[in-house]
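Quick one: this structure, given as structure tokens, is what I'll be asking you about.
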Amino acid sequence: MFRLPLQCVLWGCLLSSVHPEPPTACREKQYLINSQCCSLCQPGWKLVNDCTEVTETECLPCGKGEFLDTWNRETHCHQHKYCDPNLGLRVQQEGTSVTDNICVCKEGRHCTSKACESCVLYHSCSPGFGVKQIATGVSDTICEPCPVGFFSNVSSAFEKCRPWTRCETKGLAEQQAGTDKTDAVCGPQNRLRLLVVIPIMLGILFAILLVLVFIKKVDRKPQDKAPCTKQIPQEIDDLPGPNPTPPVQETLHGCQPVAQEDGKESRISVQERQ
């Protein structure tokens, strides 16, 4: 009864040794083909023939301008990338049999995508704006407006805003303040003083002239002058008579003496008597 199972086991072992079971997985850097684990071609080499039971995998190196950068079973190598100068590209690093060409943009340009298949010119910051961040091979220029005290008078993709000139540090005077597009204008100190002193002197002279004109007009106005009288003493003769003649007042016209004719009596107006 026990012979039959034992015979089956023996026959199974015999068959498995004559016809081994094909492998289901291969080691690292191998590939499975035709129930065989064949070695992969090393980087920089391409596959020519798969391995057999009696031969190893056959590989050949990539030609000039070609590369393969991994262990592979590729039958063709990859072509190096072409850095087209018409698209603004240039070769930064030549490729080898295991590396590709590295393309970058020419000076003053940046890539339009991560793959960097073409380039465009940097954006320039216009006057009144300065460069906050200079463009790189993969990013464009970032501009910012010039703050107070700084200016930019050119369109540039590299220049930042520059500070206004400090005239006092050069022994000069500021004649015109700067703007976001222009620098401060400096000049000699003497000129600035003249610009200040001359208007002041002209103002003083004008005021003096006005005073003189006013005084002259006041002098020309007619003045009401009271008649001047002058007491003229006269000697009284010790002549006999009932009524001696009193002293005669000489009336002055405009403070000038007026002669009285002989034989005429001096008369005093009624108002003066009152």
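Including glycine, each Cβ sits where the backbone N, Cα and C put it.
Relevant sequence annotations retrieved from Swiss-Prot are reproduced here:
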DISULFID  Cys26-Cys37  disulfide bond
DISULFID  Cys38-Cys51  disulfide bond
DISULFID  Cys41-Cys59  disulfide bond
DISULFID  Cys62-Cys77  disulfide bond
DISULFID  Cys83-Cys103  disulfide bond
DISULFID  Cys105-Cys119  disulfide bond
DISULFID  Cys111-Cys116  disulfide bond
DISULFID  Cys125-Cys143  disulfide bond
CARBOHYD  Asn153  N-linked glycosylation site
REPEAT    25-60  repeat 'TNFR-Cys 1'
REPEAT    104-144  repeat 'TNFR-Cys 3'
SIGNAL    1-20  signal peptide
TOPO_DOM  21-194  topological domain 'Extracellular'
TOPO_DOM  216-274  topological domain 'Cytoplasmic'
Name the one residue among Cys38, Cys51, Cys103, Cys111, Cys116 whose Cα is closest in three-dimensional space to that of Cys125 (disulfide bond); these are the disulfide-bonded residues.
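If we rank Cys38, Cys51, Cys103, Cys111, Cys116 by Cα distance to Cys125 (disulfide bond), first place goes to Cys111.
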Do you know the mean pLDDT across the topological domain 'Extracellular' (21-194)?
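When the pLDDT values over the topological domain 'Extracellular' (21-194) are averaged, the result is 92.
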Under DSSP, the repeat 'TNFR-Cys 1' (25-60) has how many residues in helix, strand and coil?
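Its residues fall into 0 helix, 17 strand, 19 coil.
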Taking Cα-Cα distance, which of the disulfide-bonded residues Cys38, Cys116, Cys119 are within 10 Å of Cys26 (disulfide bond)?
Cys38
With a Cβ cut-off under 8 Å, give me the same-chain residues at least six positions beyond the ends of the repeat 'TNFR-Cys 1' (25-60) that come close to it.
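Those are 67-77, 96-98, in sequence order.
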Can you give me the Cα-Cα distance between Asn153 (N-linked glycosylation site) and Cys116 (disulfide bond) in Å, rounded to a whole number?
33
Please report, as numbers and ranges, the same-chain residues at least 6 past the borders of the repeat 'TNFR-Cys 3' (104-144) whose CB is under 8 Å from any CB of it.
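Long-range Cβ neighbours of the repeat 'TNFR-Cys 3' (104-144): 84-85, 87-90, 92, 150-162, 180-181.
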